[in-house]
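*Asks:* The following feature annotations were taken from Swiss-Prot:
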type: ACT_SITE; residues: ASP136; note: active site, proton acceptor
type: BINDING; residues: LEU21, GLY22, SER23, GLY24, ALA25, PHE26, SER27, GLU28, VAL29, LYS44; note: ATP binding site
type: DOMAIN; residues: 15-270; note: domain 'Protein kinase'
type: REGION; residues: 290-311; note: region 'Calmodulin-binding'
type: REGION; residues: 319-343; note: region 'Disordered'
Amino acid sequence: MLLLKKHTEDISSVYEIRERLGSGAFSEVVLAQERGSAHLVALKCIPKKALRGKEALVENEIAVLRRISHPNIVALEDVHESPSHLYLAMELVTGGELFDRIMERGSYTEKDASHLVGQVLGAVSYLHSLGIVHRDLKPENLLYATPFEDSKIMVSDFGLSKIQAGNMLGTACGTPGYVAPELLEQKPYGKAVDVWALGVISYILLCGYPPFYDESDPELFSQILRASYEFDSPFWDDISESAKDFIRHLLERDPQKRFTCQQALRHLWISGDTAFDRDILGSVSEQIRKNFARTHWKRAFNATSFLRHIRKLGQIPEGEGASEQGMARHSHSGLRAGQPPKW
């Protein structure tokens, strides 16, 4: 699907702006209705003056989205350009964020988590088949299509995605709690970084807190570099061995041994009937509330400081390390891996 930029003097001649939905680093998202129809879109409005020096980021996002058509991926429907703005008309999803929906449920089981992860795996497997690496998979980028109970899950936010022309990528980027060890070490990396992030997400979906978690950023990254995490009691006592085996294959430190999306889709926890059906909502929702509602999950991440501390720990030799330009957009901190939350 080729979407050419449509030039317009005034976007209000194309869409009626209904209300503000949110904002990003250099854009605002509004609910808009197409003139002459009842069709609604999420219109991403990007001032050109805010784009100076960042044009490649938006062009990359458009290039990636133009190639994608999948039922579990938020679609780019149109691109408009005015003298002052660039506008991306995105498919409107109305079901809310992943964690919010889990908290609102009447019950939640391991089978529900398996179904969610399977949908995301299918979408990411599709991206990988096109040579696209998302590079920023995290719960905030997983949205429900509708408010209904049977709604599908959607993958969003392709601002850091990359079309992998060769075998490997080199620029370090992503959100620290979800980045793979090879990315932190600034080794050449590929699609396996998305699988690692899905391992982190799967872990959280089953207990409500992350596998790598510390108040100290250097310790957090040291844990990731060592792939050091635990299935803590009592939080994991009622979770199946199949689920734990699945997560171990996704959080494999060696990207060559880590599952691909296709291998993950074939694992019995996804494709079979090994996921338990007992209600874990109480425990999971309590931990999500404690671990993800706090502002320290959103604070800015200082890549330069991280590199300095990690080198002191001897994890990355001098002269190597993550790119200080693209290292990350946000950080989280909290508990040590292997420790249950203490509040």
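Think of each number as a place in line: the chain as shown, counted from 1.
Cβ coordinates are placed from backbone N, Cα and C, and glycine is handled just like the others.
Not measured: the values here are computed from a predicted model.
What's the neighbourhood like for these features in this structure?
*Replies:* Counting every protein chain shown, the number of other Cβ atoms lying within 10 Å of the Cβ of ASP136 (active site, proton acceptor) is 23.
Around the Cβ of ALA25 (ATP binding site), a 10 Å sphere holds 9 further Cβ atoms from the protein chains shown. Under DSSP, ALA25 (ATP binding site) is assigned to coil, being neither helix nor strand in the three-state scheme.
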*Asks:* For the recorded ATP site, whose residues are LEU21, GLY22, SER23, GLY24, ALA25, PHE26, SER27, GLU28, VAL29, LYS44, find every other residue on that chain with a C-beta no more than 8 angstroms from the centre of their C-beta atoms, and list them by sequence position.
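*Replies:* Result: CYS45, ILE46.
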*Asks:* Within 10 Å of the Cβ of LEU21 (ATP binding site), how many other Cβ atoms can you find? Include all protein chains, please.
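*Replies:* Taking every protein chain into account, the count is 14.
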*Asks:* Could you give the maximum C-alpha to C-alpha distance in Å for the residues LEU21, GLY22, SER23, GLY24, ALA25, PHE26, SER27, GLU28, VAL29, LYS44 that bind ATP per the record?
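*Replies:* So the binding residues stretch over 14 Å, Cα to Cα.
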*Asks:* Cβ-Cβ under 8 Å from SER23 (ATP binding site), same chain, 6 or more residues apart: which ones?
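*Replies:* When sequence neighbours closer than 6 are ignored, SER23 (ATP binding site) has VAL29 within Cβ distance under 8 Å.
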*Asks:* Given the model, what does the mean pLDDT over the region 'Calmodulin-binding' (290-311) come out as?
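*Replies:* Over the region 'Calmodulin-binding' (290-311), the predicted model scores a mean pLDDT of 48.
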*Asks:* Long-range neighbours only, meaning 6 or more apart in sequence with Cβ under 8 Å: which ones does SER27 (ATP binding site) have?
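*Replies:* Once residues fewer than 6 apart are set aside, SER27 (ATP binding site) is near LYS44, CYS45, ILE46, PRO47, ALA50.
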